[in-house]
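S.K.: Below are the features listed in Swiss-Prot for this protein:
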type: ACT_SITE; residues: His54; note: active site
type: ACT_SITE; residues: His110; note: active site, proton acceptor
type: BINDING; residues: Tyr57, Lys106, Asp516, Gly553; note: ATP binding site
type: BINDING; residues: Glu108, Asn554; note: Mg(2+) 1 binding site
type: BINDING; residues: Ser109, His110, Asn111, His112, Arg131, Gln256, Glu328, Ser329, Gln330, Ser556; note: substrate binding site
type: BINDING; residues: Asp132, Asp284; note: Mg(2+) 2 binding site
Amino acid sequence: MLDTVAVAAEDPHHDQPWADLGLKADEYARIREILGRRPTSSELAMYSVMWSEHCSYKSSKVHLKQFSELAEVLAQRQPDAGRLLAGIGENAGVVDIGQGYAVTFKVESHNHPSYVEPYQGAATGVGGIVRDILAMGARPVAVMDPLRFGPLDADDTHRVLPGIVAGVGGYGNCLGLPNIGGEAVFDATYLGNPLVNALCVGVLRHEDLHLAKASGVGNQVILYGARTGGDGIGGVSVLASETFDADGPAKRPSVQVGDPFMEKLLIECTLEIFAAGLVAGIQDLGGAGLSCATSELASAGDGGMHVELDRVPLRDSTLAPEEILMSESQERMMAVVEPDDVAAFLAICAKWDVEAVVVGEVTDTGRLQIDWHGERVVDVPPRSVAHDGPTYHRPFARPAWQDDLQADAAESLPRPGSGDELRKTLLTLVASPNLCDKSWITDQYDRYVRGNTVLAQPSDSGMVRVDEETDLGVALATDCNGRFALLDPYAGAQLALAEAYRNVATGGATPLAISDCLNFGSPEDPAVMWQFAEACRGLKDGCLELGIPVTGGNVSLYNQTGETAILPTPVVAVLGVIEDVTRRTPSAWSTGGERVFLLGETREELSGSEWAHVVHGHLGGLPPQLDLEAERTLAELLHDAVGLVSSAHDLSDGGLAQALVEGALRHGVGVSVEVPDDAFVGLFSESPGRVVVTVPDGAAERLVELAERHGVELTALGVTGGDALVVEGQFEIPLDELRDAWTTTLPAALG
């Protein structure tokens with residue numbers, strides 16, 4: 001028997017599986033209070049997915065509101081800047097980059113589905129973020145993929161990593177979108193909890209911006225794209241709202257299945273619809289599917305919405321109404337269209353062989369009403385589903401073990417003394433999973449499709465040309481060191497921000513805005529919530545000091561197996577603009593005879609470093625000290641040095657040694673340097689705010705003058721050339737030996 005609104009009113013005591021759907025007793029009681037009756041099974045399905053952790057941000061939104069406040073403060077401080085065209089609350093942030101162009105970008109997570117089904121979980125993660133960008137009115141132009149895995153030698157890493165990489169590459173390659181950057185980091189805490197964060201960037205003209213709202217009584221609601229099936233019912237909303245025990249997830253809904261060729265048609269179809277001016281409002285169908293799209297569109301509009309659910313095209317005719325509402329089948333969009341434009345809209349869809357059906361209309365009732373074969377199965381206030389879910393002020397407290405962790409500094413660990421020991425240490429580090437060559441991964445991605453990629457892996461940032469006539473472009477970088485964030489989550493978030501900011505600046509771009517993906521353990525653990533709260537506070541304070549807004553992002557909680565949470569991993573993506581991509585600064589030198597300099601100050605900062613991790617298996621102490629004002633000054637210097645320096649490469653994981661290795665191996669041109677003072681500290685410290693640059697021999701004096709003018713410390717290191725990495729007075733490593741150590745780790749482990 002169909003559970004209609006009338007039946008629900010007549011049978012108030014009907015037993016309902018609210019707990020199995022992830023709702024708590026007080027949440028279920030609140031739903032009954034809102035409706036004045038028990039919910040129908042369809043309404044219960046909608047509330048359960050929309051009030052899930054993944055969709056409602058119920059544990060995190062009390063901390064996230066400071067990012068909205070940050071945008072207001074920056075707007076008051078810089079009233080003429082006007083860079084942010086759309087921010088938090090939309091599908092993705094939109095930033096003005098000049099010349100009438102805007103860029104929209106966002107990073108999201110698809111962590112839990114990628115553990116259950118690595119290929120499809122990762123592939124649909126890419127597909128979902130691409131549709132978010134498309135829904136803003138933009139053409140997607142590139143993707144990136146910050147990834148985290150368990151130990152490289154673990155069986156489960158061998159299960160998930162190849163599938164995740166193939167999923168990211170397969171979907172992006174089929175869409176014709178270049179993958180221009182990302183990360184692949186290995187740590188024991190990610191075993192059983194891999195992180196698949198996906199970023200997409202899109203380009204639009206200012207006048208093409210579209211928002212998710214259902215306005216205009218009588219306007220038609222059109223569902224178009226792929227048919228709705230049983231895949232992904234409760235997918236991310238269920239999976240991302242629980243921890244995994246040793247046996248895997250207790251609730252195991254099917255992971256969404258992606259079809260990139262359908263998505264490619266959907267992109268081109270949607271862009272033509274935008275160009276024809278046929279859309280009053282639009283929303284992609286991602287997490288929570290139709291439940292999300294209908295409730296968010298209706299609550300963001302000025303009235304209500306009526307939907308005839310039996311009109312939805314199905315792949316599986318046996319699906320019940322609640323299953324249709326919960327399905328997370330991919331490659332679907334929902335548009336609000338004026339009645340006179342419906343025929344033209346449907347004609348464009350037919351041209352692209354995209355199925356489209358009018359499923360409802362905008363009303364003035366203030367209610368979201370959904371019928372199934374003429375019987376009402378949903379009648380709710382849309383805001384109560386989409387926006388007025390529970391808000392938890394979860395307890396948080398600095399863990400008792402934090403003091404002991406910070407007291408256990410790596411600076412006291414045994415360190416190499418002789419040149420031979422330094423040589424051996426360097427070779428060990430460059431062959432370690434986090435520092436080794438990642439070509440095994442990145443070679444599965446097309447980095448240059450579309451022909452506008454300017455920089456891609458292994459450069460510090462990805463860069464794409466936006467306008468082929470003016471050469472206007474944008475740069476993007478994603479970063480996070482989870483070990484630093486464990487030692488001090490406030491500082492760790494700021495260090496992630498600073499590194500991504502610096503990586504954008506090394507290419508010659510000016511940082512403008514950020515998106516974030518905050519990956520943490522269970523919010524029910526006060527220690528994890530303290531990490532989360534501190535990371536949010538650090539990110540807000542850092543952005544305030546750098547003068548750049550948070551445009552939006554994503555929170556992924558419950559990344560934890562039993563009592564073991566992942567390292568706190570606040571991934572930060574920074575977007576920058578460059579006026580002329582032909583003048584970008586590459587990350588590595590390509591000729592001999594160039595002078596090598598270090599910008600920034602090196603301090604003895606080894607806690608949380610790759611050296612401590614790889615050589616000693618140690619994690620403790622305080623992370624490196626950060627000076628955000630110095631980071632901003634360094635970025636300004638790098639901008640002024642465009643055309644003067646021939647390469648610029650930031651120092652981060654692995655310190656100066658790693659930067660020299662990557663610079664020398666990129667084009668097979670060696671380097672000879674003299675490291676002042678303590679060679680070990682000079683090579684392996686991970687002090688932030690540093691960049692290695694090269695300049696033609698005759699330009700060194702100009703660089704010295706520029707550094708003095710900006711007040712940035714400058715150290716002469718040596719000269720490029722030869723076929724070895726030479727540290728004067730310490731050791732020499734032929735490039736062939738260095739390359740063997742750097743490039744063989746992943747192929748040997750993964751085949």
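In case you wondered, yes, glycine gets a Cβ from its N, Cα and C as well.
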S.K.: According to DSSP, does the residue listed as 'active site' sit in a helix, a strand, or coil?
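M.R.: Its secondary structure by DSSP: helix.
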S.K.: Roughly how many angstrom lie between the C-alpha atoms of Glu328 (substrate binding site) and Glu108 (Mg(2+) 1 binding site)?
M.R.: 16
S.K.: According to DSSP, which kind of secondary structure is Asn111 (substrate binding site) found in, if we only use helix, strand and coil?
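M.R.: The residue in question, Asn111 (substrate binding site), is helix (DSSP, three-state).
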S.K.: Checking the spread of the substrate site as listed (Ser109, His110, Asn111, His112, Arg131, Gln256, Glu328, Ser329, Gln330, Ser556): what is the longest Cα-Cα distance, in whole Å?
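M.R.: Greatest Cα separation within the listed binding residues comes to 21 Å.
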S.K.: Have a look around Lys106 (ATP binding site) and count the other CB atoms within 10 A of its CB, chains all included.
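M.R.: For Lys106 (ATP binding site), the 10 Å Cβ neighbour count is 26.
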S.K.: Please tell me which one of the recorded positions listed here (His54, Lys106, Asp516, Asn554) sits closest to Asp132 (Mg(2+) 2 binding site), measuring Cα to Cα?
M.R.: Lys106
S.K.: Name the one residue among Arg131, Gln330, Asn554 whose Cα is closest in three-dimensional space to that of the residue listed as 'active site, proton acceptor'; these are the binding-site residues.
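M.R.: For the residue listed as 'active site, proton acceptor', the spatially nearest of the binding-site residues is Asn554.
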S.K.: Near the Cβ of Tyr57 (ATP binding site), how many other Cβ atoms are there if near means within 10 Å?
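M.R.: If we count other Cβ atoms within 10 Å of Tyr57 (ATP binding site), we arrive at 18.
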S.K.: Cβ within 8 Å of the ATP site centroid (Tyr57, Lys106, Asp516, Gly553 excluded): which residues?
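M.R.: Surrounding the site, in chain order, are Leu64, Ile88, Val107, Glu108, Ser515, Cys517, Leu518, Val550, Gly552, Asn554, Val555.
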S.K.: Looking at the recorded positions His54, His110, Arg131, which sits with the largest number of other Cβ atoms within 10 Å of its Cβ?
M.R.: His110
S.K.: Express the distance between the Cα positions of Ser109 (substrate binding site) and Asp516 (ATP binding site) as a whole number of Å.
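M.R.: Answer for this pair: 10 Å between alpha carbons.
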S.K.: Starting from the Cα of Lys106 (ATP binding site), work out which of the recorded positions (His54, Arg131, Asp284, Gln330) are within 10 Å.
M.R.: none
